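Listed in TrEMBL for this protein:
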- 1-37: region 'Disordered' (REGION)
- 18-31: compositional bias 'Low complexity' (COMPBIAS)
- 278-296: transmembrane segment (TRANSMEM)
- 308-327: transmembrane segment (TRANSMEM)
- Ser371, Lys377, Glu378, Asp407, Lys597: UDP-alpha-D-glucose binding site (BINDING)
- Lys598, Asp622: Mn(2+) binding site (BINDING)
Amino acid sequence: MASLSSQPSKKAMRSPAGSSNSQSNRGSSGQTVKFARRTSSGRYVNLSREDLDLSGEMSGDYMNYTVHIPPTPDNQPMDSSVAVKAEEQYVSNSLFTGGFNSVTRAHLMDKVIDSEVTHPQMAGAKGSSCSMPSCDGKAMKDERGQDVVPCECRFKICRDCFLDAQKETGLCPGCKEPYKTEFDDDRDYPSRALPLPAPGKEDANNMTMMKRNQNGEFDHNRWLFETKGTYGYGNAFWPQDDMYGDDGDEGFHGGMMENTDKPWKPLSRKTPIPAGIISPYRLLIVVRLVVLVFFLNWRVNHPNEEAIWLWLMSIVCEIWFAFSWILDQIPKLTPVNRSTDLEVLHDKFDMPSPSNPTGRSDLPGVDLFVSTADPEKEPPLVTANTILSILAVDYPVEKLACYISDDGGALLTFEAMAEAASFADLWVPFCRKHNIEPRNPDSYFALKIDPTKNKSRPDFVKDRRRIKREYDEFKVRINGLPDSIRRRSDAFNAREEMKMLKHMRESGADPMEPLKVQKATWMADGTHWPGTWAVSSREHAKGDHAGILQVMLKPPSCDPLLGGTDDNILDFTDVDIRLPMFVYMSREKRQGYDHNKKAGAMNALVRASAILSNGPFILNLDCDHYIYNCKAIREGMCFMMDRGGENLCYIQFPQRFEGIDPSDRYANHNTVFFDGNMRALDGVQGPVYVGTGCMFRRFALYGFDPPQPDKITQGNGSETQALEAKELDPELDVNLLPKRFGNSTMLADSILVAEFQGRPLADHPAVKFGRPPGALRVPREPLDATTVAEAVSVISCW
């Protein structure tokens, strides 16, 4: 159950001139053949028959259908750009610090935690060393953790040496040959068709020539048998009946349909309480109201003359309590239940179609916020379990981004989150493989039920036993972090004292003079922690430290990354092993600023996430509030993406509690509030925000009113273009945006993007303010150092 809150409309909003172009890949009625070639990013580029330069004799043999060419040996995807991969690796391996009137620095970290890191998305992951002399850097890696070599000589090189070689000579340090750029894969594909060789002009080294049968044709069966290949999802998408004007039974029947051609279904429904349940309750309210009126009438007409002041005070209190009771009972007259249809959501946003053969999700992005302040009062193990439940939710991985705000700036929290990100390499694929619920490991292993119930895989018991051992070791590492950090810091501080003492002896200083060495807190790579130290000092205290931002898990690729038997200690074959983006953040704190509240931490998270991921929806959680239902985010999207969802400001999820006695003698479940009062308020206008477990619309958090569809110029159908800055608020001056949101142009530009991406699909005439289908299938831009530095800047004290 999720309760909804509507955003009241106060001001009219105008629409920009023009209309958005409808993104439709449907073929025309002419005699055309469309071929689709899969690129490295998973995108399918359509090729027409005219682009193939075929002869007239062969053209008559082609039919009217769309062909999906699989990645056969002669159609292998190209590698992504080495420069982009190098920049992503540099961002994920760097700790960014900065603040007001200070330089933003990126500290490259080869080691984040003392334990071994295995996942390639995480900072400090294991890898080969750079082959350049006198360089101790790590070689560049791809999504699977394999070395990226930009030259055919297989010379391994790190990101900095690669950039230096390109700037200086452009030659590979290994073979002294120029770097080739054929491996670069542009993410913005041109509209023109890719050139294909004409028949009879194949390369002799092409794999197609090696797998031909006696007739000279490509032997698909031989290739599938020898290479264990697969053609994936189908080979041809047949058009619908009478698409090309065929009469009678000559047309093509069956096949896949576009999402816009399917009958429209609502994503959510409002179901009233059955009359057999609500009618007796309403009758009871009326009876109580009548008795209350008679009681107050008797109290007013029979005053106590001997204590008139006490009687007057009691009458006022009783009337006030009666009025409060009436206000509490009125909403309970019309409570509502809400239900969602996840199958319709999947069909509308995730189902493969002729225009989306791979089934890339069209759902909007979601940023999840977790806030913590003190690792002594909020145990890091509890926070780590919350993070693991978030990383394992059932939602498109590339659409998720998890942020944790550490207001204490403690190294203990930082390394605990790094340990959680490392353990997620096993826990998240394990949950996906066996459909684990709940996905908080501590709660899952504490369940008093049969773990093999509804589990069909034969290796579940073995995998669960191994994961249980790994989780026990993970808890030992988390609980041992305070002692590990203390011993490490004492060792490094002792080394610094020895260096200082040696320097004093060499310089001839008085050996009896006390040593002035700061008792710093040291990270695993042997450098100072930029946040709060165990022994507070200037710029390293709880209320005085620089802003810190670490991308612990870089954004994943847009296409699934299937595991294998050799990748981990478990068999993750045919299981997506990608992890969502995970960012650690500690906002800048300086003396003289009152920034020790949770609201300020949320504001910093909103600003930093707008630069890094800019998800149009935000779900905030406390550090001890994990996600019990892995499909909760999808259920929230059923409300936000449904008809009229653009007017919803937030969705409040109910809270459930653990560790309570079965009888609940002290009402710790808070059932009356969440299951009674919240449903009642939902029937009036919307529930109240309880501080956690709430999904917000980012555009609403910026203080803007919902759109007014009746006063906006429509585009094609119900689609409208993205708004301009002056149209967000008629009374808002564009030149005053920096005064309202700061001087960051990237933050100001992200507002319009978040507003557009948060709209529901324009797939129904009743949707007055929607976006075209397929607009959110474009891969996310990779992070670079400039973007992360801007995120550090927007959370500084300014």
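For all residues, glycine too, the Cβ spot is worked out from N, Cα and C.
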Same chain, 6+ residues apart, C-beta under 8 Å of the C-beta of Glu378 (UDP-alpha-D-glucose binding site), given in sequence order: Thr372, Cys623, Asp624
Spatial neighbours of Asp407 (UDP-alpha-D-glucose binding site) that are distant in sequence (at least 6 apart) but have CB under 8 A: Ser371, Thr372, Ala373, Ser586, Arg587, Asn596, Lys598, Ala601
Rounded to the nearest Å - Cα separation of Asp622 (Mn(2+) binding site) and Lys597 (UDP-alpha-D-glucose binding site): 13
Ser371, Lys377, Glu378, Asp407, Lys597 excluded, remaining Cβ within 8 Å of their centroid (UDP-alpha-D-glucose): Thr372, Ala373, Asp374, Gly408, Lys598, Ala601, Cys623
Same-chain residue ranges lying at least 6 outside the transmembrane segment (278-296) that approach it to Cβ under 8 Å: 272, 318-319, 322, 325-326, 329, 332-333, 335
Among Lys377, Lys597, Lys598, the one of these binding-site residues whose Cβ has the fewest neighbouring Cβ atoms within 10 Å: Lys377
Asp622 (Mn(2+) binding site): tally of other CB atoms within 10 A of its CB: 19
For UDP-alpha-D-glucose, whose listed binding residues are Ser371, Lys377, Glu378, Asp407, Lys597, the greatest C-alpha pairwise distance in Å: 15
